Amino acid sequence: YFERLNDLVAAPAPIPPLLVSGGPGSGKSLLLSKWIQLQQKHSPNTLILYHFVGRPMSTSSESALIIKRLTLKLMQHSWLVSPLTLDPAKLLEEFPRWLEKLSARHQGSIIIIIDSIDQIQQAEKHMKWLIDPLPVNVRVIVSVNVETCPQAWRLWPTLHLDPLNSKDVKSLITAECNSANVKLTKEQEKKLERHCRSATTCNALYVTLLGKTIACVGNRENIDETLQQCFQCQDTVSLYRLVLRSIQESLQSDKEKGLLREMLCVIGVSHNGVSESELMELYPELSSAALASLVHSLHKMCLLTYGCGLLKFQHLQAWEMVRLEYMEEGENVVSAYRQKLVEYFTMQLRVLILICFSFNSRDQVTWRSADELPWLFQQQGDKQKLRKCLLNLFVSQNLYKRGHFAELLSYWQLVGKDKSSMAAEYFDSLKEYEKSCEGEESMICLADLYETLGRFLKDLGLLSQAVAPLQRSLEIRETALDPDHPRVAQSLHQLAGVYVQWKKFGNAEQLYKQALEISENAYGAEHPRVARELDALATLYQKQNKYEQAEQLRKKSFKIRQKAARQKGSLCGFALLRQRALQLEELTLGKDTPDNARTLNELGVLYYLQNNLETAELFLKRSLEMRERVLGPDHPDCAQSLNNLAALYNEKKLYDKAEELYEKALDIRRRALAPDHPSLAYTVKHLAVLYKKMGKLDKAVPLYELAVEIRQKSFGPKHPSVATALVNLAVLYCQM
């Protein structure tokens, strides 16, 4: 089989996709995963993109998500900077173009592998690009079940996985038995040979399961009895049923058997599986020891596996067996288990609302609730509850941010809402939610929700409706955080992106320039975030045929990205560590020099950015003390150390300490620097924000007025930065 796959890669173009076919459990996924490992080892220049589809109707079978994942992988290997659309239809259109672009630049082959492609939702419709002629150096391999392969694909070259021959059956069962120190007699081996002669009993999964079942038995008499039971099972599903019953018999009480049933059924009706902690919360009587024992047995016998921390069925046949064994009584049983999950994840969302603005808790709860709840309501056909769930802003935000764009749209289509009415409902819901928001953290969270809605509407092509939520997000961040905060730059960038699509290039240019200025102040001129803004401006100039300006910005961006890439290299990292070690050694010796003081300050800032505030405080204090000794207490460098220490105390909510240090820094900078100097503006801004936070509004007013003056002198009276400073002053007057 490996040779056949290798021949495909080496064959001259043009060549259609290779179809790897076989029955369920014939080993298609295993064959492809092992072959990918070999290719990656022996052909490092070959770019391999792969996707393995799990259970039908799971997230792994969503065509838009698959194409998005493959496109992102292609983009990672291309120098081209281009935003990726999330519109499912456009994604499907753009993927072949990306493939064409990269294949023209890539030195080696590109291999795309999609396992169980027939399980993808509407596979023929969404995988049309497979039928088109592929680029010269691109090869595609897809696997399908024989019974469900679309008719149009049956004409492709096919590698069919045959059932195992008698020799392979024997060696596989012997290997399983040897691993458990179980020895079969000649008579038992002959019985097995006579049994494993049909296509279903020579199936790779069937034989594996048979070997594991025999290996679990202790003595010879029990092996004979087990063989007799196995011989009654003529296919994998019935053998799985025997395996499940043997696990049930090993349990000591009816309570444990009941918990096993509950556990498998809940996993069976879920969208993507269930975690161990969720199972223990669903069934409080299930101890961690009992759960560990059950999971071990089910995993060992190929019933369950783990994926993304969730327990799910290892094979489709295991899922089918559980359905037949426990849920054959009808839809009412399935519905009851779905309802149990609905109640559980609904409760999780209520918990989320109680701890609403604890960010870690929100993220932890929501991704599971967002994955499961809408899907469960869809399966139940409950449109009213589905709509209510989608209007829970955290659920929709989570689905969108993780790329489940097509899934979110399909839910709204089921509810019967078009794009415009859906947008209006979201905006109204956010406005209502805003009424309950109080405090800085809740407003920051609200700004995130507005931004997500704006980006979502932009991706839907609803540009006029996208502006309002993005504008509101910008306003909130400017007032709740700070006009020069990096998140304000993010809002400006998103809003500019809408104006670019809308062909309002003048508006977009001003916003991008403002975002660039904030990013440079916040991160420094050589940070990748600055490169992002430069690229955006370059693309904008290119659209306006200002090629010379675009080229200058692209070169600047390229240099920043090149430098950042080099700094990531291990040799560079080692050199930096060595340099830092020498510096720390000098610092330990206690030499008082301006350079050492600067290094201490840099280390303090580094620890501050890593949120290691205690260590940061030590370094910043030592830097300040050294600068005061070497340079004198009125030197501008001392103001820098005071400013950084004040920012740290502000972060620790020690506002009185922060106020004292900011005031000292401002006094030094006012005397030492020009009236429009950026460092003076920085201290003015942060002390003003602190006064506002402490409720000392009378003290804040002259500083906000000074900020307006500084920006007018620096940028001119018509610059957007001046507008931001005026808005901040207006907000302060409103608060007074």
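Glycine residues also receive a Cβ, built from the backbone N, Cα and C atoms like all the rest.
Feature annotations, courtesy of TrEMBL:
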type: DOMAIN; residues: 18-142; note: domain 'Nephrocystin 3-like N-terminal'
type: DOMAIN; residues: 167-326; note: domain 'Nephrocystin 3 helical'
type: DOMAIN; residues: 359-587; note: domain 'Nephrocystin-3 TPR-repeats region'
type: REPEAT; residues: 489-522; note: repeat 'TPR'
type: REPEAT; residues: 597-630; note: repeat 'TPR'
type: REPEAT; residues: 639-672; note: repeat 'TPR'
type: REPEAT; residues: 681-714; note: repeat 'TPR'
Cβ contacts under 8 Å made by the repeat 'TPR' (681-714) with residues that lie 6+ beyond its boundaries: 482-484, 521, 639, 643, 646-647, 650, 655, 658-659, 662-663, 665-666, 669, 675, 721-722, 724-726, 728-729, 732, 735-736
Non-local residues, at least 6 beyond the ends, that sit with Cβ under 8 Å of the repeat 'TPR' (597-630): 583, 587, 637-638, 640-642, 644-645, 647-648, 651-652
PLDDT averaged over every residue in the repeat 'TPR' (489-522): 89
